[in-house]
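In Swiss-Prot this protein carries:
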| type | residues | note |
| --- | --- | --- |
| BINDING | H24, R50, F57, Q170 | substrate binding site |
| BINDING | G59, E80 | Mn(2+) 1 binding site |
| BINDING | E76 | Mn(2+) 2 binding site |
| DOMAIN | 18-173 | domain 'Nudix hydrolase' |
| MOTIF | 61-82 | motif 'Nudix box' |
Amino acid sequence: MAGARRLELGEALALGSGWRHACHALLYAPDPGMLFGRIPLRYAILMQMRFDGRLGFPGGFVDTQDRSLEDGLNRELREELGEAAAAFRVERTDYRSSHVGSGPRVVAHFYAKRLTLEELLAVEAGATRAKDHGLEVLGLVRVPLYTLRDGVGGLPTFLENSFIGSAREQLLEALQDLGLLQSGSISGLKIPAHH
């Protein structure tokens, strides 16, 4: 990831008190739906439009009162997504990666949690009633996992948006590693260079 150095979780947790930890989660669910009756959706993946106009994943900074990274992440998910986020819990087994950037002393931890489609739909339905809606979070968006016939519409165009930090790279890595796209789809994408 551009400008970021990957750390093992143990190394990240041993950095000491001068470091802040931020945790974010990619929430996804299998989706049997079809766009226009012919384009398979495959999975629903949630991202959010942030207060700064950039796309990112739900989550935030872990506070000192949180007993673990996951406790802090689950608290943040309830604040940003609403009470439907209390129906599931992101666990250590959902952990994907940790990165530090060249800027402030912040470690970014990334998780991916598979939900049922019903759980994901409940999160979407309740998100506008969440504590942080309209403040830190301006709304949820789904990631289009298809490419239209023009070769540009869908995921390639979505990737042209402005993303916070490493969110774009985390998304692409998760799509590939979790098998959320059809085999070979990422290598065949006309992915514009990161702005």
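Glycine residues also receive a Cβ, built from the backbone N, Cα and C atoms like all the rest.
What Swiss-Prot annotates, mapped onto the structure for a quick look.
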{"residue": "H24", "record": "substrate binding site", "DSSP (3 states)": "strand"}
{"residue": "R50", "record": "substrate binding site", "DSSP (3 states)": "strand"}
{"residue": "F57", "record": "substrate binding site", "DSSP (3 states)": "coil"}
{"residue": "E76", "record": "Mn(2+) 2 binding site", "DSSP (3 states)": "helix"}
{"residue": "Q170", "record": "substrate binding site", "DSSP (3 states)": "helix"}
Rounded inter-Cα distance in Å - R50 (substrate binding site), G59 (Mn(2+) 1 binding site): 11
Cα-proximity to the residue listed as 'Mn(2+) 2 binding site', 10 Å cut-off, over binding-site residues H24, G59, Q170: H24, G59
Same-chain residues at least 6 apart in sequence whose Cβ lies under 8 Å from H24 (substrate binding site): G56, F57, P58, G59, G60, L73, A108, H109, F110, Y111, A167, Q170
For the domain 'Nudix hydrolase' (18-173), the mean pLDDT of the predicted model: 94
